[in-house]
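Look at TrEMBL and you will find 1-29, 316-352 tagged as region 'Disordered'. Annotated compositional bias 'Polar residues' per TrEMBL: 20-29, 316-325, in sequence order. The feature transmembrane segment is assigned by TrEMBL to 52-74, 94-118, 139-161, 222-245, 257-277, 362-395, 447-472, 484-504, 511-532, 544-567, 579-596, 608-628.
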Amino acid sequence: MAKRPGVFSGLMPRMGEPGSRSTLLHGTGNTRIPDRPRLSYLDLTRFGQLRWLGTLGTLLISLGGLGAGALPVIDNPYAYLPFGRLMSRMLQTSSVIVLVGVGLLVLAWVLMAPYVGASKDKNITGAPLITLSTLRRTWVAWVLPIVLTAPLFTQDIYSYLAQGAIVSYGLDPYAAGPVQILGPEHHLARSVPFIWANSPSPYGPIALGIAAAINVVTRESIFFGVLAHRLVAVIGLMAAGWAITKLARRCDVRSQTAVWLGILNPLALLHLIGGIHNESIMLGLSLVGMELGLRGVDAIREVRIGRASASAMQQGLPSLSTAVTDSREGTDATAQPTAQLKGPRQPSVPTRVTHPSIARHGWGLIVASGVLISMSGMVKVTGFIALGFVGMALARMTYRTEADRLRLDTRHLSSDAVNPEGLSEAERSRPNNKWSLSHWFHIARAIAVQATVLVLTAILVGAVTGIGFGWVTGQGGAATIRSWMSITTDLGVISGWAGMLLGLGDHTEMILVITRGIGIAISLAFMVRMLIATFRGTISPVGGFGVSTFLLVVLFPVVHPWYMLWAILPLAAWANQNIFRYAAIGYSAIMCFFVLPRGLALPPGTIFSIYVASLIAFITVIGVLLFARNKLYGPHM
């Protein structure tokens, strides 16, 4: 008897298989490019002009930041830098200079798209693109001016400095706020933003340990403390860039496109380095950890397949091929199944594939991956998400290699036993919809591995830093902020306002708890679906991590412009469809202008005058630059 549809079957949307829609962000096919692409002299000259345009923008940002940046309340060290005293007397003019520089930087970045394969005219296999080394030099040229200016777009760095002093004194940063612990007269506490002045630290022991080390080394100097934190942010973004390059190659995405969209992104430069946010450390650790974890999965798979093949050949059975690994696939791994039927005569399996040192190396990489990702979560808890996706990649690998080994068990003496259903390779490698105890066993084993590494890492970090486990229960302090960019917060505030209009009273706080809780629950449920899709091979671990983080940011209780970088950086290494790239470009370009350089609210009239003057100045500067270029190179350059 056919199963009758439910009452709501025609009303509710069809969910489909986990990851079936998200994986559409990654197109299939060969997108690899030559190792040494060559551009014409004209293209190289044009790219060089764009690099200089972006460098001019960052120089203007650096200059204007001396007056419009997030300056300390007392003992301003940036007044002693060249032009520091002049800029500090002109807040609006300095702000205009910064915003004009931001405009030039964003324009240069967007116009580079054709040279990195991020636009349709260059989106061809084998198209000549700019080299990775050129992109790295461009990144250095753009970053250096930003490193040397005052903090930009936020006052959070002064909270980092104060928290670092608290930890270095041996005090508990989770017991109270910086002003309460250090006292209102302490020069580091004086510059902490009011919203964080009396709030315990929302960060984990890795972030606080780094801040404490910087406090000791710089002897509580504001200038050198800011500079040291910036250098740590630069190192974190460099690590993320290395990982994105490797992950992009693993997912058959152009490395140039991924680096340009993720690391050269003005939003990352302005907020992670200019604003010195801890996301740079978190992303660097989590992405490097993911790459190491997938390398470990690949190494263990090679050993398992090699051993099974050697055993099968000794029994005269079909062997397993060392095909391309699941973690190297851009979407699901069904394109190249693990087990393939071979002829009666097989070449010997290379010794290196079955050597125990390869397996030890693989497990070492997985442990190192777990340590790094655990450390990223001890910067901000969202860093822990990557643990799950590396764990699912490990569980999938152990399940598939075990299943293939059982197919070639010596008790089965015919090739029909390897494929008793007579399925094709694509059908046989497709994940089974029926879950068995074997599925759960391999998932539980992977969870146990990751959980063990996490617990041991947390204990070790706590012992080294001397910081307790207050960060485990101290999360959520940032949720006291009502962020207009948070959808769940907006729904709660609007609902509370509507209730007051209807005379029901002000229940905004209670409604916010409900709407934010629903948002977190939805994002967690979606994350579970992506974990299942990763285990089934429907989506890459990199893609599942990026898509899950994207929805988490969208539904997060508090959202700042740079939070979307949590998703943009991993997705840059996996999603190769234009719909994602254009959305990421548009979001990044627009959000670069949504926060004033001071990082504090100004009167509406002042804000309006700053933006109008910035627009006029930007148009004027562009006109002058175009005129100068035409004079030097001609109108066709």
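Just so it is clear, glycine is given a Cβ too, placed from its N, Cα and C backbone atoms.
Unlike curated records, TrEMBL annotations are generated automatically.
As a quick check, the transmembrane segment (362-395) and the transmembrane segment (511-532) clear the bar of 3 or more Cβ pairs under 8 A, pairs 6 or more apart, so the two touch. Under 8 Å from some Cβ of the transmembrane segment (52-74) lie the Cβ atoms of residues 81, 83-84, 86-91, 93-109, 138, 141-146, 148-155, 157-158, 187, 190-191, 222, 269-270, 274, 596-600, 625, all in the same chain and six or more residues away from its ends. Ranked by the number of CB pairs under 8 Å to the transmembrane segment (139-161), the listed stretches 447-472, 579-596, 608-628 are led by 579-596. Residues 25, 68, 95, 99, 102-103, 105-106, 109-110, 113, 118, 153-154, 257, 261, 265-267, 270, 561-562, 564, 568, 571-572, 602, 607, 610-611 of the same chain lie 6 or more positions beyond the ends of the transmembrane segment (579-596) yet place their CB under 8 Å from a CB of it. Most Cβ pairs within less than 8 Å of the transmembrane segment (511-532), among stretches 94-118, 257-277, 447-472, 544-567, 608-628, belong to 544-567. Residues 58, 61, 65, 102, 105-106, 109, 112-113, 116-118, 132, 135-136, 138-139, 142-143, 146-147, 149, 151-154, 156-157, 160, 226, 229-230, 233-234, 236-237, 240-241, 244-245, 247-248, 283, 561-562, 564-565, 568-569, 572-573, 576, 581, 584-585, 587-589, 591-592, 599 of the same chain lie 6 or more positions beyond the ends of the transmembrane segment (257-277) yet place their CB under 8 Å from a CB of it.
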